[in-house]
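Asker: Dumping what TrEMBL says about this protein:
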type	residues	note
DOMAIN	42-107	domain 'P-type ATPase N-terminal'
TRANSMEM	101-119	transmembrane segment
TRANSMEM	340-366	transmembrane segment
TRANSMEM	386-412	transmembrane segment
DOMAIN	906-1158	domain 'P-type ATPase C-terminal'
TRANSMEM	936-957	transmembrane segment
TRANSMEM	969-989	transmembrane segment
TRANSMEM	1022-1043	transmembrane segment
TRANSMEM	1055-1076	transmembrane segment
TRANSMEM	1088-1113	transmembrane segment
TRANSMEM	1133-1152	transmembrane segment
């Protein structure tokens, strides 16, 4: 007998009453755009659907074209405050009345900046054009004019009927993938593809199964009952199979082109939204109306499996699809360092205005008291009528001359440094993944230093932490443990690649990919051990797997979860091959002999039962119940006679758990026919009950699932990516908190958390938040917070008011080691009102947090929540389209090229191929980039403050006349040539510690999290240091030449000689300063630093040469100054004294700082130095311990499985398929 459960929820009654509830009009939104209130469309009628102006499927992310690039790019660049500031300076310099410097001192740097930025923007936009063309030109099959035509993705419109095929290959990288690095010749991989295309070779394409291009209403398919099996990994991260089914009125059309072309059904449905599990609509066809639910809708991002073909009606396209509605908005990401620099620039501008005002006032006083009486010698210009007018003009003159406090070269240098550090990420061979030929990729050049400041990491689970590959590793059958390998001495041997695998050649239907190493289990099967046979027979029968045999002898399984598929595959290899099923039978090939079992009932899995059972009638007419499930549940259902076997099996489960394996118990019960008949009648009554149906069915299930006989247990390895536990342990030592945000079910996520050491067995407690209403969630959060730590002040604050947007939660230390698990349903309540603050405060006290059953939008909301209430830098890492939202929301988004497509990677800031590479990305590249950038800003502000403030001291001796203290060519070249190479050497190659020490001592990462190396205090230190240095740089040269004469009696205190002495001393001091900041010396570093002095002297001799000064006397006025001044002993005395007096305070500060004002990382640095001196002190890294507690591996679908579907006659194959199975049985 079969038990049916209605699968199609369609009722052909009139829905005209609800038309008024879903109006067709559009209203205006607050921003002035039309807002859709309800979607109305007609199949195969573009003319009708065009009226509503639905968006098409075209993707456009590029900003420019050939004509608009130059004006639009310049307009955008001058919207930046820095560029506008320097443009205004240029305009001021063109006014002769106030210009104190020549125009080229600003024009040359500004043109260089604009050009570099324009080239970078052009290359980025060209890449966007390439990506747009690649996506828009993907092929898709559209029904048009009575036949299926191959068209382009961008030509799909609402109302079209499209055809989707099983595992249809789509090239995703056939066009020239041009990027910034290939433009500079830094990466030959994409360029080789271009070259091959240009010269006639066919480029290699990356093929993957086709992800649906739009949200479509399923009309018909190749499967019985118009079923379509879909994989939703890009939507919710799950690879377990889901089922969609067309309504019967359209399923009858099958693939008849005439019927499909004539189909003119009208659909009235909800507006586009981000709810993945909800769809409400009505199909009106031939005068009748049919309800539509989400089980009829195939979403964009799904991949069809086990279905030859299907046809669908396009409902939502482009930005209206649910996938795109969940993808979140992209915001331009800027680092905290950028924000801080912008603040400092504003401070500097204010300081500059104040200095210019003071100097203008000094000029006014000087003119009033002194200059007014010397007009015969220093006459005023015609446009100067009074000291006040002269002071006003001098204000702008000083504004021009002192503008070097904010040099435009700062922004050029930052871009070059970031580009260089991005190249180092791309070139890192230790982040290259050979199996996929995938190097790490910095997809942005603006966020490198932010990688060194991460405090929270939000990680997806499936495909990010795991490989999503379940492997049958071990089992316990009738008290005997199988799976270990022993040598001849009887000692256990670790399994490696060299270990000999079990030979399954005796089984022609074995899966060649399956590996097992314990021959004793195979021998037990071959010798006919009844308990072993019964164990594998149970695994081959108790499941909801679908099989497919397109080629005789080659079986393909489609399972609801990888766990279930691995168990059925294990039974298959050991000789119990699940071959096929119908609604009433299951065919198993047992040791080469086909046996047909009558399927009487499936007692399906749900989250409460944590088990599933099947009741079958064997070929020898016995009724048997086979059950598998969580060990905590199965143990309660066993017969008392199994007590001893249960204890032995539990010991084996403990052993399995210590290896991180996920365990599952298997049991059976032979049923009396009369008892089963009576139970079946009760079951039928419960199924037909209109009240409390689920509760009554659960009670009926419990009546038969008892007094079970234990068969054994399985141990499955949910294969983590290589190095995941070690990476998480290392990141935790670096004070980085890791939260797992997954769409998977709770039990699976918790198992993975233990396997990868995010949760530990010695934790004080793991809090499970599973409330179903606002009040329950609040009580759970408060209870957990009380156990960890309670801040009474914050508690009272939360009870009385809703926190303001700027409210920040302070960092607290819990009184133990805790974890937290919360599901998406409970999270929806926790994100309401002021409860979100309680959620974030409680979660931040935990060592590890798991959010499960989350939608893509909820993932982004959690990231935004942490950003809102914690002043920290966040990183999100994932591999699927369901992770795009949180990748965009986080400060840093990292995409993994995994099993779920390339969507996450294409939306990310950085792309890696394995989770373990994250520690190199953060602890090495991120930390180095942060330290380099901090040193760069500190040094850059110092050298420019010191350079500029000398003008201030000189103004007192020059009548506040705005006369520069340096040669104008020195001002032009100071930042662009003379000091550029040392800056690049420091900012590209400096390392405080090499990569070995960086990984061995992750605590070195902590300063970046607290912004210790570049902050407002460090900025003030730079200003004070520069103030002191400028005094030394001006007064030491002045004192050395004051009233001094040469050997020949000539005066040497002329303006030009003094300028040369000051600027030479300045360059020597800043070079010595950067040498002190450099901690990693190489030949390249020596060249970059010391060559700057050599270049300065060479250029000085050239600029001050006789020939150049005679040819261009108006531009080169320092005739012979270099050769005359550099011969003077006062010159070298000046250099010695200025360098000595400027660097002595720096050396003293660096020596005393760890002693008088130590920070946490100083202790770590001291440990490293001790280890360098005494290598024997190096600590041996402890081996990561595996968890020791048992955790069920029953991680099948969180929904009811295919049980009801299997027994509802909807999966009956075609007569041809049934005939093939029958002939095989013969």
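Every residue gets a Cβ built from N, Cα and C, even glycine.
TrEMBL entries are annotated by machine, without manual review.
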Asker: Go ahead and report the DSSP secondary structure tallies for the domain 'P-type ATPase N-terminal' (42-107): helix first, then strand, then coil.
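Answerer: Counts, helix then strand then coil: 31 helix, 1 strand, 34 coil.
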Asker: Averaged over the domain 'P-type ATPase N-terminal' (42-107), what pLDDT does the predicted model reach?
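Answerer: Averaged over the domain 'P-type ATPase N-terminal' (42-107), per-residue pLDDT gives 79.
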Asker: Return yes if the transmembrane segment (1055-1076) and the transmembrane segment (1133-1152) have at least 3 CB pairs under 8 Å (sequence gap of 6 or more), otherwise no.
Answerer: yes
Asker: Run the contact check on the transmembrane segment (936-957) against the transmembrane segment (1133-1152): 3 or more C-beta pairs under 8 Å, excluding pairs closer than 6 in sequence.
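Answerer: They do not touch: fewer than three Cβ pairs between the two stretches lie under 8 Å.
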Asker: Take the transmembrane segment (386-412) and find every residue of the same chain, 6 or more past its ends, with a Cβ under 8 Å from one of its Cβ atoms.
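Answerer: Hits for the transmembrane segment (386-412): 82, 85-86, 89, 92-93, 95, 97-101, 106, 109-110, 112-113, 116, 345, 348-349, 351-353, 355-357, 359-361, 363-364, 367-368, 371-372, 380, 940, 944-945, 947-948, 951-952, 955, 960-962, 964, 971, 974-976, 980.
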Asker: Is it the case that the transmembrane segment (1088-1113) and the transmembrane segment (340-366) have 3 or more CB pairs under 8 Å, with pairs at least 6 apart in sequence?
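Answerer: They are not in contact.
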Asker: List, by number or range, the same-chain residues at least 6 past the transmembrane segment (969-989) whose CB is under 8 A from its CB atoms?
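Answerer: Distant contacts of the transmembrane segment (969-989): 101, 104-105, 108-109, 112, 404, 407, 409-410, 413, 416-417, 420-421, 932-933, 935-936, 939-940, 943-944, 947, 1059, 1063, 1067, 1070-1071, 1074, 1077-1078, 1080, 1082, 1084-1085, 1087-1089, 1091-1092, 1095-1096, 1099, 1103, 1116.
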